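J.: So that we are looking at the same thing, I have put the structure below in structure tokens.
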Amino acid sequence: MTLDLDLYTSGQLQSQDAWLERYRHSVMQTFGTPQRVLVRGEGCYVWDADGNRYLDLLAGIAVNVLGHAHPFLSSAVSAQLATLGHVSNFFATPTQVALAERLLDLAGAPSGSAVFFSNSGTEANEAAFKLTRRTGRTGLVAAEGGFHGRTMGALALTHKPAYREPFEPLPGDVVHVPFGDPAALEAALTPATAAVVLEPVQGEAGVRPAPPGYLAEARRLTQAVGALLVLDEVQTGVGRTGSWFAFQQAELSPGGTGPDVVTLAKGLGGGIPIGATIAFGERNAQLLGAGQHGSTFGGNPVAAAASLATLHVIERDGLLENVAGVGRRLVDGVGALAHPGVASVRGAGLLLAVQLTQPVAPQVAARLLEAGFIVNPVAPDALRLAPPLVLTAEQADTFLEALPTALDLALAGAA
Ligand SMILES: *Cc1c(COP(=O)(O)O)cnc(C)c1O
């Protein structure tokens, strides 16, 4: 038995144009015009309402880590939903507890550490923001270019003026410092600083990895003033950069020299909404006390089952190695094109940006879409790739073959 979409289409198969017309009259206009209307997916491919197929190199913005319609994920979700779909946080479920333990284990968390579950990245960061207030200090330092979400607290940490300014006043005391500059960070820290909040790789800013040593230096500097180090791994976590968490590649380990808090979402549920805020060590794990934070859906057993299934398949299928191998192949392959439109490639694992020599990223992305490839023009002059972690070398090669023509066409249009 399946949901019959005919119920919503008056029995008629509808084209993308017809759906987009209905979208315009029913969905709030916060996202601009959608590029396509997608109706199904399988593995690394999705299909639109007109029957066209695309290789999905964005994965719902770093979310669908197992690709689309993964059988292990869908059966885990179905089985949990058919057993127990939701309880409130007046009750616990084995699924939720198992996921918390699994995350603490994968993160190498010391005893006393604990997880708070929510439904998105912005909520994971909102919880972290509230947690920092319980230190008795209010100062927060975040980075220029940083993106942490759209609720008021997460937005206060986010840097982009166009996102912030229409909604001021935002919660204080947040200052932003240039990303990757330890001296600027040191200058911003005071005895009133509660926490420093950083992404290991700035995703929305155009896939900008922290310079080597920066996170370790941020750890040293925060420790010196007694401030927390919060790492936003909403985009980089769950295998995206080739390790379970990006901080594990950054000369940081939990406990004494690791982060105090790590936030997760995006890939964590393999496509089912879930967020997590991990507080390392007993002191940090107890900052938010009984009644001080909550969520109706947080820890929902279906979302927790999706996450456990996702983590299981990443481990079972050796996907961390696949991320490293296919990521390297993409970096080398784009470099080997030696195309005049490409300046460089940066990123980690399967979170990459192709830096263009001219501001034609939207045009290149549009050409690639026409050719059957989904990428994201994350900046006017950069394309982001954040494909499923199951992307194969052969699939990556089809993109490498299509890229030069898309670049040629976009550059010819710009000339
Ligand atoms: C996407 C993202 C968020 C916000 O996550 P939502 O699930 O959209 O609320 C926060 N931080 C980072 C680093 C992100 O990439």
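Every residue gets a Cβ built from N, Cα and C, even glycine.
TrEMBL does not curate its annotations; it predicts them automatically.
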J.: Going by TrEMBL, Gly121, Thr122, Asp232, Glu233, Val234, Gln235, Thr296 bind pyridoxal 5'-phosphate; tell me which of Phe91, Phe147 is listed for that site too.
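T.: For the pyridoxal 5'-phosphate site that includes Gly121, Thr122, Asp232, Glu233, Val234, Gln235, Thr296, TrEMBL also lists Phe147.
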J.: Any idea which of the recorded positions Arg150, Lys266 has the thinnest Cβ neighbourhood at 10 Å?
T.: Arg150
J.: Near ligand 1, which of the binding-site residues show up if the criterion is a Cβ under 6 Å from one of its atoms? Options: Glu233, Ser295, Thr296.
T.: none
J.: Using a Cβ cut-off under 8 Å and a sequence separation of 6 or more, which residues in the same chain sit near Ser295 (N(2)-acetyl-L-ornithine binding site)?
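T.: Listed in sequence order: Asn89, Phe117, Ser118, Asn119, Glu123.
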J.: Among Gln235, Thr296, the binding-site residues in question, whose Cβ has the most other Cβ atoms within 10 Å in this structure?
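T.: Max Cβ neighbours within 10 Å, all protein chains included: Gln235.
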